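Novice: Pulled from TrEMBL, these are the listed features:
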TRANSMEM  20-38  transmembrane segment
DOMAIN    247-404  domain 'SSD'
TRANSMEM  248-267  transmembrane segment
TRANSMEM  279-301  transmembrane segment
TRANSMEM  307-327  transmembrane segment
TRANSMEM  347-370  transmembrane segment
TRANSMEM  376-406  transmembrane segment
TRANSMEM  471-489  transmembrane segment
TRANSMEM  673-693  transmembrane segment
TRANSMEM  700-721  transmembrane segment
TRANSMEM  727-745  transmembrane segment
TRANSMEM  781-802  transmembrane segment
TRANSMEM  814-836  transmembrane segment
Amino acid sequence: MRKLEKFFDWYGQYVARKPFFFILVPALLTIVSTYGFLSFSTQDDIWDIYAPTNGLSRVEEAGIRRFEYASGSHHHRMQILVSKKNRGNILTNEALDEVSQAHKFVADNITVWDGQNQIAYNNLCGIYCNDSNAAVLAFLQATLNDTSRSSFKLTFPNAEALQKKIFIGYSIGDLKFEKGYVTEAKMVILHYMVDTSLPNGRQLAADFETKVRNFFSSITDISHHIKYSVLSRTRELEEQRAITITSLPFLGLTIIVLTAFMLLTLVRFPLYTSQHWQSIVGVLSPGMALWTTTGLLWGLGYPFSNILTVVPFLVVTIGIDDAFLILAGWRQSTKGESLEVRLGQSVAISGASVTVTSVTDVACFATGLFSNMPVVQLFCLYTTVALAIDFIYQMTFFTALVGVFVRKQVDIEKELIKTETKIEKTKEDESSSSSSLASLLTFVPTISQEAHTRNILEVFIDFLHTWMAKFIVLVAFFAHIMICLALVSKVNTNFDMENLYLEDSPLTDISRRMQNFVLGEAFVVNFGVFPMPDFDNAEMREKFEEMVKKLETMPGYGAGKENTNLWTREYSNAVAFWGETEDFWHKEDMVSNYREYGMDEKYITMKNDTNGDKIIDGFFFTITYQNFSNFLEVESFLEDRRAILKNYSSYFTISSHHPFEKVPTESAASAPFNFISTSVSAVVLMSLLVLVFVMNFEAIISVVISIVSICLGIVVYLHLWNVNLDAVSLISMLMSIGFSVDYSAHVCYHYFAHVHEDEQLWRSHNYAETRDRLLSTFRGVAWPVMQSGLSTILGMFPLMFVRAYVVAVFWKTVILVGILGMLHALVLLPVIFILTHDVKLLFRRKRTVNPSPHSMELAS
């Protein structure tokens with residue numbers, strides 16, 4: 001017996017002597033952890049938790065934040081997507097009249113109470129008050145009446161009204177053009193902004209949005225032609241939380257299904273040997289671990305996020321896997337011995353295996369704590385802590401209750417031994433005449449005797465030793481690897497915003513429409529320049545213009561100066577009109593000239609110089625890009641744009657940013673790197689842990705082959721199952737590594753640790769060593785491994801009713817891991833063990849036939 005098994009043997013006997021201490025302490029910890037629920041908080045801001053912590057977009061976003069109009073960092077934004085219910089052209093007088101009336105009602109009649117006064121929208125909109133929805137709608141109506149386009153020209157994204165440029169890139173979408181002019185639009189977007197820097201600004205914004213949403217919802221029902229859809233950060237959070245609200249009730253169904261599965265598979269005859277009470281506690285123990293974890297982490301200030309919805313399902317299914325092993329250890333213990341001895345044997349048999357898989361699971365998820373994705377870090381934190389506490393509770397609370405529940409069974413068996421000395425012979429006869437399923441459920445001594453009828457398990461092991469079985473398994477394995485290698489490069493890393501909501505959520509369609517609009521027609525990038533360049537230097541102005549031309553003509557997506565809003569060009573035109581003098585570009589005179597020309601001050605920031613004079617200390621400009629079809633193209637474009645800015649970094653300090661570049665562009669871009677780095681780290685860590693627990697290099701090679709094969713299969717088969725490699729699936733990949741280790745680790749540990757001591761049996765025929773080892777291993781863990789795999793799949797079955805991508809990724813991953821894990825553990829690994837032994841025999845025979853000169857000398 002190994003040292004680890006000796007320790008667990010002693011520990012099991014100690015638990016049997018003092019079970020109530022091991023029951024009481026976990027129960028008290030669970031109760032005390034409830035205090036942490038008072039500190040409950042949430043973090044569902046997808047624009048933060050799904051963005052890489054080291055992403056450049058975070059830095060670029062911070063650089064734009066000083067320009068309030070560009071960033072809106074102190075304003076709450078609501079967008080109303082207006083379209084016809086038949087998705088037709090909305091640029092008609094009738095439709096625009098109705099939309100104008102709706103907006104007028106919001107602007108004039110919807111007010112919020114600040115505690116003292118009713119505040120109208122015109123006093124809430126902050127620096128955006130000059131950007132009137134009414135002005136845009138009036139302009140669109142004017143273009144319909146000005147058919148000659150003499151005064152109003154509807155071009156995009158910059159239109160013209162009375163020879164003055166108007167930016168409408170945020171206001172209309174889903175366009176149709178004719179000779180450069182917009183002739184149809186299927187979407188108009190109204191914008192409402194609330195200044196959150198006002199006293200109680202957040203509350204004012206929440207109240208205003210509630211009234212706006214109720215209003216547009218009611219007029220959508222009333223209107224015969226127009227549909228109004230509200231998009232805001234608040235609604236995004238609500239729809240994400242809807243996933244949690246929808247999913248959590250299914251946890252009860254999962255518990256019922258798993259409890260029923262345990263009861264069914266743990267029923268034995270005679271009934272006093274059944275483990276039905278233990279099966280109930282087997283579900284209770286991981287539930288307590290979840291409760292303790294939640295209370296502990298909430299008490300420490302860690303927030304809850306909707307991505308954590310699947311954590312309870314994972315912890316319950318993994319916890320039940322450990323329960324199966326502990327109960328299998330009890331069934332393998334020696335009947336007739338005292339409770340202390342039998343529980344010691346049970347924990348010795350199962351404890352080491354449970355420890356191996358629990359440590360590998362915890363370590364695997366712990367690697368995700370070093371990911372650069374906050375959502376991955378948060379998920380792995382909860383999972384790591386929950387699995388660690390579940391392991392402790394399984395080895396204390398659950399094990400102690402097993403000892404309590406089996407006392408009656410031990411007493412009955414002692415009485416039977418006293419009255420019937422031949423009970424072991426009777427049980428052996430009953431076992432040999434049982435059904436095929438019962439033969440798999442029966443855990444008899446490990447040594448296979450020559451004179452007895454072979455059961456299905458022995459037939460299966462003998463079949464694995466045949467050349468046909470080896471050939472079939474190897475061909476299937478290499479075919480699987482070749483398919484994976486051929487398709488892995490085609491795995492899609494695109495990230496769609498609609499994947500973050502329920503499929504039947506109204507926000508799914510809204511998000512899809514907004515995403516298509518932004519990518520295809522109005523990808524407006526803000527460029528923040530700070531500090532202010534020395535434009536008094538003509539060379540600096542020329543360099544700046546040269547850079548802007550490169551930015552606005554980027555191949556495929558730029559459309560030239562027509563899509564650029566840059567105040568320096570308007571300023572230059574004014575300078576040219578009045579006749580350029582040195583004073584026009586002096587920093588002391590630029591502010592007065594800027595205001596004199598009537599230019600919009602939203603593009604600039606100002607400060608007082610040492611003399612107390614106003615000077616421009618920074619500014620921003622926009623360029624509208626078009627024709628993106630997905631975020632993979634945005635990623636390529638982003639790299640090219642950054643390269644252009646870097647070439648001019650010695651002249652200007654410029655930050656460029658679009659919200660979709662932080663999430664989902666950089667999020668998707670970082671997913672492959674995160675997956676590769678985390679997977680490699682996990683595989684190396686798993687190998688070291690297997691080496692520590694098993695101390696055999698054959699086991700390491702076998703486990704690594706299994707992990708790599710399963711992980712490749714998960715990536716490729718999920719791709720074929722319409723799952724992309726993104727921030728959500730990255731978490732499931734980590735999960736797959738942890739699960740894949742479980743199955744292989746159980747088999748490897750039993751195969752290499754439980755070595756038969758009678759080597760004479762190994763030499764009785766060519767494959768006796770592997771046959772006896774596999775028979776011992778399969779009798780010890782085959783059925784628990786199958787129970788674990790099936791229970792894990794069944795545990796995720798209720799989630800199939802939750803129609804959300806973030807949930808579907810997990811249950812799809814679990815199904816694949818369960819199937820691939822069991823096949824690798826129960827078919828591929830045994831064949832690898834057999835082939836390895838065949839190679840050893842071959843070299844052993846060669847050494848016997850051709851002894852070395854040194855051995856001959858020793859023999860003589």
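Just so you know, glycine gets a Cβ as well, placed from its N, Cα and C.
Since the structure is predicted, the reported quantities are computational estimates derived from the model, not experimental observations.
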Novice: Under 8 angstroms for C-beta pairs, at least 3 of them, ignoring pairs fewer than 6 apart in sequence. Is the transmembrane segment (376-406) in contact with the transmembrane segment (248-267) by that rule?
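Specialist: Contact absent: fewer than 3 Cβ pairs fall under 8 Å.
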Novice: Near the transmembrane segment (814-836), which same-chain residues lie under 8 Å Cβ to Cβ, leaving out any that are not at least 6 residues past its ends?
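Specialist: Contacts with the transmembrane segment (814-836): 317, 461, 464-465, 469-470, 473-474, 477, 698, 702, 705-706, 709-710, 713-714, 717-718, 735-736, 739-740, 742-744, 746-748, 751, 767, 770, 773-774, 778, 782, 785-786, 789-790, 792-793, 795-796.
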Novice: Against which stretches of its own chain does the transmembrane segment (700-721) lie, if we need a Cβ under 8 Å and a gap of at least six residues from its ends?
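Specialist: Contacts with the transmembrane segment (700-721): 477, 480-481, 483-485, 487-488, 490-492, 675, 679, 682-683, 686-687, 690-691, 694, 729, 732-733, 736-737, 740-741, 743-745, 748, 809, 812-813, 816-817, 820-821, 824-825, 828-829, 832-833.
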Novice: Are there residues at least 6 beyond the ends of the transmembrane segment (347-370) whose Cβ is under 8 Å from a Cβ of it, and what are they?
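Specialist: Apart from its flanks, the transmembrane segment (347-370) reaches 1-2, 4-6, 8-9, 11-12, 15, 318, 321-322, 325-326, 328-329, 332-333, 376-377, 379-381, 383-384, 387-388, 390-391, 394-395, 399, 678, 681-682, 685-686, 689-690, 693-694, 731, 734-735, 737-739, 741-742, 745-746, 749-750, 753, 780-781.
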Novice: Report the listed stretch (20-38, 248-267, 307-327, 727-745, 781-802) having the maximum count of Cβ pairs within less than 8 Å of the transmembrane segment (279-301).
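Specialist: Maximum Cβ contact count belongs to 20-38.
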